[in-house]
Amino acid sequence: MSNNATTYVVSPAPLKTTSTSSKTTFHFVAGLCSGLTSSILLQPADLLKTRVQQSHKSASLLPTLKTILSSPHPIRSLWRGTLPSALRTGFGSALYFTSLNALRQGIAQTRTPLAIASASSDGKARTSSSALPKLSNWANLATGAIARVAAGFVMMPVTVLKVRYESDYYAYRSLVGAGRDIVRTEGVRGLFSGFGATAARDAPYAGLYVLFYEQLKRRLASVASSEYSEQPLKTSSSSSINFVSGGLAAGLATAITNPFDAVKTRLQLMPGKYGNMMRAVRLMIHEDGVRSLFGGLGLRITRKALSSALAWTVYEELILRAEGHWAEQGKINL
């Protein structure tokens, strides 16, 4: 009997994998859309915050608003600086959400106990208002901080142009003219004025925000769902949970980090006077008191709460719908 039987080796069928390029592109587009929406709608609040924080006498909101409304073109004045603000927030959000997703997906794939939320073994909660990975508190804190600082550095020149253009200290007639003047008088370094204070503000803010946001989402989702329910949340419930969680998380993180924002504004407006972050803090307290470190807090909380709630709700909704569509098309495995 012959032993020369032919042996056939059958290769396993290729596993379906996530289209990394398409998912990355969609996260970028979703972040861009969410950032543009919030920045355009809330530009007046951002402009008022800049005007209040630039004052040496802790100007209050109502007189500042009255001055703007009494100008020849009040509506145009309230939306002054919308273009740089939209560019900064839109592309900044796109970079931030794309980077944040990449970091979170990478950490989730490690499946280590320190990285994944204890409520789930695979990075996905049973009942959730989100399609994003569920990470531990420290992982949320770290990924939020790293992604925000990275995006902030890339968008820093636009941020400086935005602040200078919104301020009434400078008579810039165009963004191009503002950029040329900054480079001519301060060099390229002038386009990164206040980055230290910005990073010191953004790192803890973004880290705390993601931490608070994920915790609030988890708790609100558990309240909205019946105990041990396997049913997914309704779209309206998910959007409401994300919106409320985004607003509350932004309010908490903003209140904690507002002094950094006040210092950052002064550094970007008058870098020659304030020099660096520590000098700015000393001068602000000496000239205007501790209260100056909390200038514009009410406006910033209002704007941040609304912008974060809008941005994250729009972003999460787009991602949730995309994940569902891709799953139905067989492009990804959930």
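The backbone N, Cα and C atoms fix where each Cβ goes, and this holds for glycine too.
For reference, Swiss-Prot has these:
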type	residues	note
REPEAT	22-106	repeat 'Solcar 1'
REPEAT	135-219	repeat 'Solcar 2'
REPEAT	237-321	repeat 'Solcar 3'
TRANSMEM	28-53	transmembrane segment
TRANSMEM	81-107	transmembrane segment
TRANSMEM	141-166	transmembrane segment
TRANSMEM	194-217	transmembrane segment
TRANSMEM	241-267	transmembrane segment
TRANSMEM	296-314	transmembrane segment
Discussion item. Counting only residues 6 or more past its boundaries, what in the same chain has a CB within less than 8 Å of a CB in the transmembrane segment (81-107)?
Written reply: 23-24, 27-32, 34-36, 38-40, 43, 46-47, 115, 132-133, 135, 139, 143-144, 146-148, 150-152, 154-155, 158-159, 161-162, 165-166, 175, 206, 210, 307, 311, 315
Discussion item. Using Cβ atoms and a strict cutoff of less than 8 Å, what residues sit near the transmembrane segment (241-267) while being 6 or more residues removed from its termini?
Written reply: 50, 53-54, 129-130, 163, 193-194, 197-198, 200-201, 204-206, 208-210, 212-213, 216-217, 220-221, 224, 233, 274, 276-277, 280-281, 284, 292-297, 300-301, 304-313, 316-317
Fill in: the repeat 'Solcar 3' (237-321), counted residue by residue under DSSP: helix, strand, coil
79 helix, 0 strand, 6 coil
Fill in: Average pLDDT across the repeat 'Solcar 2' (135-219), rounded to a whole number
87
Practice prompt. Report, as numbers and ranges, which residues of the same chain sit near the transmembrane segment (28-53): CB under 8 Å and 6 or more residues beyond its ends.
Written response: 59-61, 64-65, 68, 78-82, 85-86, 88-98, 163, 166-168, 261-262, 265-266, 295-296, 299-300, 302-303, 306-308, 310-315, 318-319, 322
Worksheet, complete the sentence: Using DSSP three-state counts, the residues of the repeat 'Solcar 1' (22-106) come to 71 helix, 0 strand, 14 coil
Response to the item:
The DSSP breakdown of the repeat 'Solcar 2' (135-219) into helix, strand and coil residues is 71 helix, 1 strand, 13 coil
